[in-house]
Amino acid sequence: MKEAIKLVLVYFACQIVGAILAMIPCAIIALVLYKDFSLVQDMMLAPSMLVGFGLMTFYLFRKKYIPFDLQSWSAISASYLSSVILLTFSVMFLIDWLMSHLTFLPNWLDASFDVLSSNWLGILSVSVLGPILEELLFRGTITKILLKKYKPAKAIILSGLIFGIFHLNPVQVVGAALVGFVFAWMYYKTKSLLPGIVMHIVNNSTSVYLATKYPDVDYLNELSGDNYTLYLGIAMALMILLVLYMEKLMAHKKRENANIIN
């Protein structure tokens, strides 16, 4: 557990260093080109994230946390990845419903998300690079450590809670923890980072798309209208069926592997 917490702290340290390194060139650009120092904060947001991502990835690589074996990057099967994508949308719908009942939670990073969603560098950071790094850190490293130390159920719960708290934004903590449970469960079942990466990218990319396409909409019930309850029921049923189907696929794959060994 100490190692998991240490890795999260290293991530935050990398982000702080990234912000410091990005601030200098952004300040020069703001002063020389725009003559407005107040632009620095928004200008440096995406570059600082990218530098922080790079530093953390380098740290994980140097400490040999990044796996290079085939199993860690296995697609499992086309059916499994297709199920992951469908599961993403059903989980997103259910979490959106839950969050619509937790409107009292403050959103400390709303303005930052708007800035990141307004330029291609920020979109790339949030939609693709961030998810890949977070899967390397949280599933490929932290969840793996927890699974070695605790029983699967406890490891999955701890992994999800750490992932939720890691976001440091009250409105995101609950949703991130819940989706973190799903990420950790998939990693436990498959021992592969790819399903989590796919789900994470689809989740974040969809969130960015909806935020830019419908900037005045906070929750999906504002788009679904009178059919929202029906869609919610479909999402819940689909999630249950997909989880059962994915369990069946993994059981079948294990039998196939056992037959090959024998």
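In case you wondered, yes, glycine gets a Cβ from its N, Cα and C as well.
These come from TrEMBL:
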- 118-205: domain 'CAAX prenyl protease 2/Lysostaphin resistance protein A-like' (DOMAIN)
- 7-32: transmembrane segment (TRANSMEM)
- 44-61: transmembrane segment (TRANSMEM)
- 73-95: transmembrane segment (TRANSMEM)
- 115-134: transmembrane segment (TRANSMEM)
- 155-188: transmembrane segment (TRANSMEM)
- 228-246: transmembrane segment (TRANSMEM)
Residues of the domain 'CAAX prenyl protease 2/Lysostaphin resistance protein A-like' (118-205) by DSSP state, where helix covers H, G and I: 78 helix, 0 strand, 10 coil
Leading stretch by Cβ pairs under 8 Å, where the reference is the transmembrane segment (228-246) and the options are 7-32, 44-61, 73-95, 115-134, 155-188: 73-95
The transmembrane segment (73-95) versus listed stretches 7-32, 44-61, 115-134, 155-188: most Cβ pairs under 8 Å: 155-188
Contacting positions for the transmembrane segment (115-134) when only residues 6+ beyond its ends and CB under 8 Å are counted: 42, 45-47, 49-50, 53, 56-57, 163, 197, 200-201, 203-205, 208, 211-212
Local confidence of the domain 'CAAX prenyl protease 2/Lysostaphin resistance protein A-like' (118-205) - pLDDT mean: 95
